[in-house]
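What TrEMBL says about this protein:
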{"type": "TRANSMEM", "residues": "6-27", "note": "transmembrane segment"}
{"type": "TRANSMEM", "residues": "34-53", "note": "transmembrane segment"}
{"type": "TRANSMEM", "residues": "59-79", "note": "transmembrane segment"}
{"type": "TRANSMEM", "residues": "91-114", "note": "transmembrane segment"}
{"type": "TRANSMEM", "residues": "146-164", "note": "transmembrane segment"}
{"type": "TRANSMEM", "residues": "176-195", "note": "transmembrane segment"}
{"type": "TRANSMEM", "residues": "201-225", "note": "transmembrane segment"}
{"type": "TRANSMEM", "residues": "232-254", "note": "transmembrane segment"}
{"type": "TRANSMEM", "residues": "260-279", "note": "transmembrane segment"}
Amino acid sequence: MSFIVAVMLLAVVTAVTCALPGVFLVLRGRSMLVDAMSHAVLPGIVIGTILSGSTHSPIMVVCAALMGLVVVLGAQQLDRTRLLTGDASQGVIFPVLFALGILLLSTTLSHVHICQDTVLTGDLNLMALSPEHIIIGGYDIGPRTMWQLLAVCALNAIFIAVFFRVLKTDTFDSDFAATIGFPVRAVELGLMMLVSLTVVAAFNAAGAILVIALMVVPAATAILFARSLRHLLVLTMIIAVAEALLGFVLALYLDLATSAMMAFTDGVVFLSALAWYKLSGRAAARSHRRTLSVPAAAAGAAVPNGATEGAGATCVASAARTAG
């Protein structure tokens, strides 16, 4: 497989893998949880690498994913104390874990082969150049990182397909979902575990900073135009692929970092879509429909946390009908 093809496929797979769970994080108003997780997994990566001797071992992945869960569970425990408000609990935990990871990298465990620059921004080109490619029958079918991401993408898709009704109902009305007997806690923990696993899988390619854009921005763009949750998922995937390809092409011709250009392209596309959305009058139309839907919401349909426009108004009715 040529270098250019490897980078292009790696860019697309990374974008799609990150965007899938990002839909539910955006709808639930928990987008910045990705930021906390992406920083917190660093000490897990270092410790897992020390234990296994490889940056691609299952032990490393498990250690890093569990460290991401520490942020979620730790933040929930701090929230229960009612001493901190908003996302302050996350802000207390993840900087400590990220700092611990940096200290481990730069001091006693400095022999671990993890670049501190890659920790922040990732490097798709370096992953494509990595000698760790999958060879079958003498044919190079791509970097190992790409296939690891594909496996995580498949897990994300299967989880969403199996628990779609629970995820949708819990997103729009968690109290109602618990009342009718849905395993809300278990499914939410599973979703958080998959988010953490996705962050770990994309870490080398996107880094702690850029993975936030890849996971949040496609869904934030799609929510402006989606008319149902299923439509939102499909549109998010299309946008993620398009932005990845556009970012790759621009990086190729401008000779710039692919990961950074992908994240920059995500931002430009979102701002362009938002401007068109506002100028075309769709915002006013959606606002009018939201006003008309207030009686329905009062009758039992709940708006998801963080959903304000776009899919918020239309997905509410869909979720209420499905749950009912």
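Glycine residues also receive a Cβ, built from the backbone N, Cα and C atoms like all the rest.
Using the rule of three or more Cβ pairs under 8 Å, pairs at least 6 apart in sequence, the transmembrane segment (59-79) is not in contact with the transmembrane segment (146-164). Remote same-chain residues near the transmembrane segment (260-279) are listed as 11, 15, 121, 124, 206, 209-210, 213-214, 217-218, 220-221, 224-225, 239, 242-244, 246-248, 250-251, 254, 310 (criterion: CB distance under 8 Å, separation of at least six residues from the stretch ends).
Below 8 angstroms of C-beta separation, residues 4, 7-8, 11-12, 14-16, 18-20, 22-23, 27, 160, 214, 217-219, 221-223, 225-226, 260-266, 269, 311, 315 of the same chain, each at least six residues beyond the ends of the transmembrane segment (232-254), sit close to that stretch.
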